[in-house]
Amino acid sequence: MAFAAANHSGIRHAEPKISENMLAVENKIATSINAIVSNLQPSPEEHIPAKESLSQGKITGTEALDKGYLKCSHYRRRCQIRAPCCNEIFDCRHCHNEAKNNICVDQKLRHDVPRHLIEKVICSLCDTEQEVQQVCTNCGVCMGRYYCAICKLFDDDTSKEQYHCNGCGICRIGGSKNFFHCDKCGCCYSILLKSSHPCVERAMHQDCPVCFEYLFDSRNDVIAMPCGHTIHKTCLVEMQEHYKYACPICSKSVCDMSKVWEKFDLEIAATPMPAYYENKMVWILCNDCGSNSEVKYHVIAQKCPNCKSYNTRQTRGLAR
């Protein structure tokens, strides 16, 4: 297994030759990564409403509820929106954003709809345009069993357990009882992480470090790594598949690497350096504990004397 720590000094580190022992360790690390992915709870994708925003309204029966559904890939609902930014009609705000941010659209004209400013909806059953509300003023159909008056959001799929987070200012899924809002991080986390997650200011108000999608209102699962930085769950799994076990932002290990470091010890002991390099010293920075140390140079890797990690980068030494 080749652990590739970031090297900002420009000095290239040779990677160890893969052995059968190292391949066995890779399988153990893969298991460890899967455990992290399952234990770290995702910050739920943006969706629906606060209980105080719900209204029951008049529903005209099962037959009316089964009519008028849109062919929208994002929500099950019976209304369209009129976008206040361009005055055009779309099935939902995601449909608008996908259309208006398409690569075929002039870059200067690309934009997202301001969800909170939406004022008009069109009933898909009777085509009546009206003020944003849950029940159609003309035919009386419920345009979405879950409705958020703040986010102007409609959806009939109640299995998502939608709720509105006042701290985030948007609607999320997963059930309000299962999540809490961290004011410092500025986002929602699983209640399981309430007393253990490391706070990173505005942790999700940034792009995914792998795919560069904005994380805060991403519709894909987002998780927090042990260092506190956030990433798409699928992107972390893809990193694992490419044998990358360090946070793309701070380079800290994303799982317990102690078994790997033990194998590095064996590989280094079995790979003596030539006499010319035997006593060469270099300065390293440990990505895991942040300590600076002077250690003997080795072509495979340098070990941090403080935390015993090989997730290090060379900062000084061997310059010619």
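Here the Cβ of each residue, glycine as well, is placed from N, Cα and C on the backbone.
According to TrEMBL, the features are:
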| type | residues | note |
| --- | --- | --- |
| DOMAIN | 65-141 | domain 'CHY-type' |
| DOMAIN | 143-207 | domain 'CTCHY-type' |
| DOMAIN | 208-251 | domain 'RING-type' |
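If you take every residue in the domain 'RING-type' (208-251) and average the pLDDT, you get 91. For the domain 'CTCHY-type' (143-207), the DSSP-based tally of helix, strand and coil residues reads 9 helix, 21 strand, 35 coil.
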